[in-house]
Amino acid sequence: MKNVQTLKNYIGGQWIESTSKQVEDVPNPATGEIIARVPLSTKEDLDRAVATAKEAFKTWRKVAVPRRARILFRYQQLLIENWEGLAKLVTLENGKSYKEAYGEVQRGIECVEFAAGAPTLMMGEQLPDIATGVESGMYRYPIGVIAGITPFNFPMMVPCWMFPLAIACGNTFVLKPSERTPLLANRIAELFKEAGLPDGVLNIVHGAHDVVNGILDNEDVKAVSFVGSQPVAEYIYKTAAANGKRVQALAGAKNHSIVLKDADLSSTVKEITSAAFGSAGERCMAAAVVVVEEDVADELVNRLLQEANAITIGNGLEEGVFLGPVIREGHKERTLGYIQSGVEQGATLIRDGREDDIANSQGYFVGPTIFDNVTQEMKIWQDEIFAPVLSIVRVKDLMEAIHVANASPFANGACLYTNSAKAIREFREEIDAGMLGVNLGVPAPMAFFPFSGYKKSFYGDLHANGKDGVEFYTRKKMLTARY
């Protein structure tokens, strides 16, 4: 039997065994093979990491901002040099195709690049003459120990949304990565240390509920950034805020793609197919629902079916694979339950991903699944499935399509496929979502713009990334002086 390592926590620049005896297997989702074991760390482990980060903050906050930036530039270079290995590790523990993993690493590197602009990002503001002989200035400062709680679906990109910018702003950080994808977090911590980051500035504590609750209860944690499911996001937001912490919690999604009759169907079908089935549908920007004008619905459905049938399913490390597995057997069973629900509630199942056979595989595969004639009363329209399941709703016109999309309790993203400038303006003004796309499938912004939406897709005031991220990780002091 292959010897499987049990991961350690990263505290104060050292790899330290958890005080917990509980561990959880980490399988390769494409094969079922156990590749590591992750400790379900205790509150004691978490408190030790926070205390270490608090002590490191005393000196890190006083490090000159340009020096912090130079460390981040070295870190960026190391990530670039290790790009392929990082991408393979993402695929190994998450299951997405190597091509998608390679792109995810790129997005993480871009986040570090943005954070390296800290000398500009941290600038304050001054007004020399607010009154005769009186001037006033705003100065930015770090806030202390930040905690990040990240999901399994982007083990590289989402942590890189958080800790590089927080650290660039002078904070110290405790990261709790998903227990389902813990390997990548350890690797990027190693590279940050190699780049010259002082011990204690970045710490990693593996685990589940006990670590999360420890973060929320620890008074030395000043802010919490979270990305994950809606129920957990709501819990974290309410609990952290009640404990006086600054909090941003990015939650679920049910993104609608609206297709008008004047759309270029060739490019539209390719965009929707990639957005719906890429990363096995396990992303908050996935295309979950297509809302199409009746005049082109039949043709669109036929083309989507043809495109889905051409998808190669398998181990993401194999050449040419587009669709990998979902993350765990339990998530596969949950997805199959939603497919059965769609059938029972009367949707037309035009492609059944349950029938895709992956030869000799013990992995957690679900093939591309497409439902037509979906209505708002159905669970497959209402719930975030987080899997390669696409629902199609037929409507008469753009306003009905917007009405359908806005009826969702989620408001993360939405897309419009059209050649009409008037329709684009109407869509922009009337749609209730935070990230909008026109003639593209995944309108995720770059690191210098804020990420996230509204309603049950986001809890908080300041979004991740961009200027919002800088605001979240800093506090302001106003100095008014008479001379």
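Here the Cβ of each residue, glycine as well, is placed from N, Cα and C on the backbone.
The NAD(+) binding site annotation in Swiss-Prot covers PHE152, LYS176, GLU179, ARG180, SER229, GLU384 and rests on sequence analysis. Look at GLU384 (NAD(+) binding site): DSSP puts it in coil. Long-range neighbours of GLU384 (NAD(+) binding site) (same chain, six or more residues apart, CB within less than 8 Å of its CB): SER229, GLN230, GLY252, ALA253, LYS254, ALA288, PHE410.
Taking the Cβ of CYS284 (active site, nucleophile) as reference, residues of its chain lying under 8 Å away and at least six apart in sequence are, in sequence order, ASN153, VAL227, LEU250, GLY252, ALA253, ASN412, GLY413, SER457. Positions annotated as active site, nucleophile by Swiss-Prot, on the basis of sequence analysis: CYS284.
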So which of the binding-site residues is most packed in, judged by how many other Cβ atoms lie within 10 Å of its Cβ, out of LYS176, ARG180?
LYS176
Within 10 angstroms of the C-beta of SER229 (NAD(+) binding site), what count of other C-beta atoms is obtained when all protein chains are considered?
15
Under 8 Å by Cβ from PHE152 (NAD(+) binding site), counting only residues of that chain that are 6 or more apart:
ASN94, SER178, ARG180, THR181, GLU282, ILE327
Other than its own, how many Cβ atoms are within 10 Å of the Cβ belonging to GLU179 (NAD(+) binding site)?
20
